[in-house]
């Protein structure tokens, strides 16, 4: 596996790199539901192979090369009833009130159903975005997790003042959150030991705007140091870089640099001889408009990933992008005019 210091990577189990001196190899993985495009999908599979893109056999969305699991098991969660606008607490709502044994039991069921091959050796990505294992990161749209955590402590300790309540809420959500995060990886690796497990989007960086463009905000680095246990139990680190139209190109590449730098930093901190490689999730459209990202911008973004130490990119797409014949035809044109030429250029560089 890559040590992030100007190395060349030879494939182990086809997927993951091991290193010798020289230029680094940059892998490209396909996580787009192009099986929804029956008129184009054979052409896409054939040309992906020609351009060195790693894709599941038969264009399956979950297959032999990569499987993305959305909220597997029974992570504690707070959802909202859309009709009554009332909160629903699933498995306790927050980790300190959750049943870890129940979660692990249902996790095993989900993994057995979604990754049926016990010898699966591809990328296994856990997409977990319900809450964060750091208390202060559960603000804004995630503030229900802070509020419930504080309420639980107030019920347990009515004599506590506000500062004491907050400190105890922080301590407990992070303690039990760590158990859910870590034990999920341990269980997953026991069930599919050859798979390359990791959590989608971590480490968070919160960069791209104002003063912190090409580096994480300072508190994010402190927080990531505190969740080193996640990366020490991961086989791969999967940060995410999605773009919006209001970011200038220099800020787009800065966004990439900051997030890749942080992922590489965490990989280097892992106390193992073989450091986890960094594979960056990227969407080929702007998330605010769903317009295709230009060839110029895509080239700059992919080169920024490679230049800053990423081992590869996972190109992700939504079913919404490909839910009509017109969209499928347009996407094939985009592949021919933009993505495949960019992939060739970045692999050569």
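The first residue you see is number 1, and the count goes up from there.
Including glycine, each Cβ sits where the backbone N, Cα and C put it.
Under the heading signal peptide, Swiss-Prot lists 1-25, citing experimental evidence as support. Sequence annotations record features per position, and here Swiss-Prot assigns disulfide bond to 37-328, 205-216 based on sequence analysis. If you look up Swiss-Prot, you'll see 41, 81, 99, 119, 147, 251, 297 marked as N-linked glycosylation site. Feature annotation from Swiss-Prot assigns active site, proton donor to 129.
Taking only the Cα positions, the spacing between residue 216 (disulfide bond) and residue 251 (N-linked glycosylation site) is 13 angstrom.
Taking the Cβ of residue 41 (N-linked glycosylation site) as reference, residues of its chain lying under 8 Å away and at least six apart in sequence are, in sequence order, 34, 35, 59. Annotated pair residue 328 (disulfide bond) and residue 99 (N-linked glycosylation site), C-alpha to C-alpha distance, rounded: 43 Å. The C-beta environment of residue 297 (N-linked glycosylation site), restricted to residues of the same chain at least 6 apart in sequence and closer than 8 Å, consists of 243, 249, 252. Within 10 Å of the Cβ of the residue listed as 'active site, proton donor' there are 13 other Cβ atoms, across all protein chains.
The two recorded residues residue 205 (disulfide bond) and residue 147 (N-linked glycosylation site) have their Cα atoms spaced 24 Å from each other. Between the C-alpha atoms of residue 119 (N-linked glycosylation site) and residue 37 (disulfide bond), the distance comes to 29 Å. Neighbour density for residue 37 (disulfide bond): within 10 A of its CB lie 22 other CB atoms from the protein chains shown. If you compare Cα positions, residue 37 (disulfide bond) sits closest to 129 out of the recorded positions 81, 99, 129, 147, 251. Across the structure, residue 147 (N-linked glycosylation site) and residue 129 (active site, proton donor) are spaced 18 Å apart at their Cα atoms.
Local packing around the Cβ, expressed as the count of other Cβ atoms within 10 angstroms, is greatest for 251 among the glycosylation sites 99, 251.
In this structure, the CA atom of residue 81 (N-linked glycosylation site) is 18 Å away from the CA atom of residue 129 (active site, proton donor). Note on the disulfide-bonded residues 205, 216, 328: the fewest other CB atoms within 10 A surround the CB of 328. The distance from the Cα of residue 99 (N-linked glycosylation site) to the Cα of residue 129 (active site, proton donor) comes to 18 Å.
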